[in-house]
Amino acid sequence: MGIKNLKSLLLENKSLTILDDNLYKVYNGIFVDTMSIYIAVANCVRNLEELTTVFIKYVNGWVKKGGHVTLFIDRGSIKIKQNVRDKRRKYSKSTKDRKMLELEKCTSKIQNVTGFMEEEIKAEIQLKIDKLTFQIYLSDSDNIKISLNEILTHFNNNENVTLFYCDERDAEFVMCLEAKTYFFTTGEWPLIISTDQDTMLFASVDNHPKMIKNLTQLFKFVPSAEDNYLAKLTALVNGCDFFPGLYGASITPTNLNKIQLFSDFTINNIVTSLAIKNYYRKTNSTVDVRNIVTFINDYANLDDVYSYIPPCQCTVQEFIFSALDEKWNDFKSSYLETVPLPCQLMYALEPRKEIDVSEVKTLSSYIDFENTKSDIDVIKSISSIFGYSNENCNTIVFGIYKDNLLLSINSSFYFNNSLLITNTKSDNIINIGY
């Protein structure tokens, strides 16, 4: 649930570590994302009675460790979550159909069991039938709400348990918002219990240590500004509840070491992080990049985005080139696209030294509007005359690639209005810098 791969990425980045749950007996309060835990428990049991027993046992165990438990409970409809609900209904129906087919097979199979260990085999199949029947029952969201509300009545008179209803906002969002307030009062975050990976995005909002738990594991999370950036970048690329992500891209533990991470979640930094491979513009579509980045930023910072209109999905290419369009359009005022490359270069370069008369004559000799082929030695000579180098550059201003003049950002990648080339794959690019 939530942001795909975020937990594994934070583990890979070493800010999230797994602890031995048995070594930690006492907490300064416990906050629970109720629905996520309830569903996790429901997937492990066979009937409502067992679900009730196990869930109550968990809560009572948390009370012993935390003194007081606050159960954050989703309530009401979240308007901006309609697309997510539609997808979940579709997925739920598909899952229900698959489980019903599996149930039919098990029902048929149990009737035909005979011979050696007949009773044991039937008992095993019956357990599977019971579990499938219960899972089909819970595939109806109304049944989930009814059964959860029934279980919660067991805590109505329990002074150690608070039921906190989150009207028209996600429980994990409200939980982390309240946990942040709790920190300002007590100087410590409560233990956060959730299976939703959005929780780790919200928990990265400050650099104070947190303890986060799901049903089976306990984590310590000490986020840096870089981890907060990584969490936001993962929400942007891989998607979250309110933004489907950048189609055609994914951040995984495998490619994380190729991605530059920063402290500030800015458009320039985001594009630099995404530039781990070459991209080519496939359409002329542009997207409102600032709106997307603002939404992710506000959501991650626990600002109330529930009145926003969530941004639509776009491809990673549309995001990248829309983000770079402003810089390219600014550059076009000093760019002559229709003349040969040496002339383009002379027009675009800002002199970094005085150019003497003999050098002007040399430059003049390079002006040949009929010759469309570029000579590497000519390119290097022009660069040198203007005070630039082609080797060992600390700052790269331009790159020359197949007669294309490309801009460079952070010396990390090159681009124009139709292609982006990463600096890690730039053996056939001539650098111009200083």
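The backbone N, Cα and C atoms fix where each Cβ goes, and this holds for glycine too.
Keep in mind it's a predicted model, so treat the numbers as computed, not measured.
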>> Among D74, D86, D130, D206, which residue shares the Mg(2+) 1 site with D33, E168, D170 according to Swiss-Prot?
In response: D74
> What is the one among the binding-site residues D74, D196 whose Cβ has the most other Cβ atoms less than or equal to 10 Å away?
Replying inline: D196
> Relative to the Cβ position of D198 (Mg(2+) 2 binding site), how many further Cβ atoms are located within 10 Å?
Replying inline: 25
> When you tally the Cβ atoms that lie within 10 Å of each candidate's Cβ, which of the binding-site residues (D33, E168, D170) has the highest tally?
Replying inline: D33
> What is the separation, in Å, between the Cα atoms of D33 (Mg(2+) 1 binding site) and D196 (Mg(2+) 2 binding site)?
Replying inline: 8
> For D196 (Mg(2+) 2 binding site), which of the binding-site residues D74, E168, D170 has the nearest Cα in space?
Replying inline: D170
